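Pulled from TrEMBL, these are the features on record:
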type	residues	note
DOMAIN	1-105	domain 'GAIN-B'
DOMAIN	112-355	domain 'G-protein coupled receptors family 2 profile 2'
TRANSMEM	114-137	transmembrane segment
TRANSMEM	149-169	transmembrane segment
TRANSMEM	181-202	transmembrane segment
TRANSMEM	222-242	transmembrane segment
TRANSMEM	262-286	transmembrane segment
TRANSMEM	306-326	transmembrane segment
TRANSMEM	332-354	transmembrane segment
């Protein structure tokens with residue numbers, strides 16, 4: 001998790017590029033770039049000595065209407081040293097070698113990787129329990145149940161895809177599919193987190209309305225349309241704009257080419273900001289409205305529990321994902337991985353374990369299971385007893 005949900009996931013990629021060689025134009029009479037059945041090799045001599053922290057990049061000048069820019073599409077480095085670079089290119093155009101700043105090699109912390117996988121596995125178990133609860137527990141109100149259920153489902157699928165598929169970069173087509181699915185399901189998670197925040201805000205705002213129920217919130221059909229429709233539109237537009245943006249050399253995630261990763265970062269950053277504003281508003285409303293409660297013991301306990309649940313929604317609403325933008329500091333990287341991998345356990349804890357109605361149903365389920373086991377045990381004992389009684393009688397008859 002620390003790899004995809006750090007620099008490559010929430011980071012920004014900016015490099016300083018300088019032309020390292022002469023520009024070489026190779027083409028036919030048409031003057032337009034032309035694809036080749038086999039790549040050609042072009043050798044470039046460097047105009048200046050290559051620095052140790054720089055690396056060459058084979059590019060061509062790509063026209064886009066009235067303007068153009070350097071692009072590495074169709075060109076790869078065949079070999080290079082301090083004085084020469086040989087490029088393999090599959091088309092004809094105007095070529096050059098750029099010198100770009102090398103990315104510092106990121107130290108892969110094995111401890112963080114182990115923590116990440118353990119916590120995500122724990123999160124999957126808790127999400128499974130939460131999904132079963134939301135599906136079969138009748139005491140949870142329908143509107144909130146829908147949001148909790150779909151958020152849990154999306155998180156479960158996204159985390160499972162991450163564990164099983166994020167490193168399968170050797171198979172390009174499969175990697176692109178996994179990257180697209182991760183893009184969709186993580187976006188869906190954030191949209192459902194936003195809907196969770198909106199629904200909680202409506203609930204808290206109407207604390208004094210005696211006849212208020214969650215049915216007065218967002219209707220279920222609109223929730224489903226927003227929760228799955230918005231990420232579908234974003235992914236469809238992104239894929240239609242730059243289909244090669246899914247999958248990289250190291251991870252099955254979004255490429256930084258053409259700033260494609262902002263098709264995820266943009267919506268995520270917007271939703272995080274919205275949820276932080278909603279969360280602060282919820283705490284402010286609770287502070288003002290709960291201050292009017294009577295100070296008897298039961299009311300104080302309810303007030304403390306409600307405040308604790310509201311504070312815990314900071315994790316459920318995804319506000320803590322803001323830490324992903326500050327992972328250059330190792331402390332924030334650890335905090336980001338630990339806190340966000342615990343989102344599943346928080347959902348199970350807050351919406352299932354700490355809900356007294358759900359706990360009552362858990363007890364009913366447990367009593368039914370124990371009662372059935374007891375009946376089966378008594379039935380097996382009586383059956384064995386009958387066989388024991390019948391055996392001597394049978395032998396006496398035979399004599």
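Using N, Cα and C of the backbone, Cβ positions are placed for all residues, glycine too.
Listed by sequence, the residues of this chain that lie at least six past the ends of the transmembrane segment (262-286) yet keep a Cβ under 8 A from its Cβ atoms are 10, 183, 186-187, 190-191, 193-194, 197-198, 200-201, 204-205, 207, 231, 234-235, 237-238, 241, 245, 254, 306-307, 310-311, 313-314, 317-319, 321-322, 325. By the Cβ criterion (under 8 Å, sequence separation of 6 or more), the transmembrane segment (114-137) is in contact with the transmembrane segment (332-354), since 3+ such pairs are found. The stretch from 149-169, 181-202, 222-242, 306-326 that makes the most Cβ contacts under 8 Å with the transmembrane segment (332-354) is 306-326. Looking at which of 149-169, 181-202, 222-242 has the most CB pairs under 8 Å to the transmembrane segment (306-326), the answer is the stretch 181-202. A mean pLDDT of 83 is what the model gives for the domain 'G-protein coupled receptors family 2 profile 2' (112-355).
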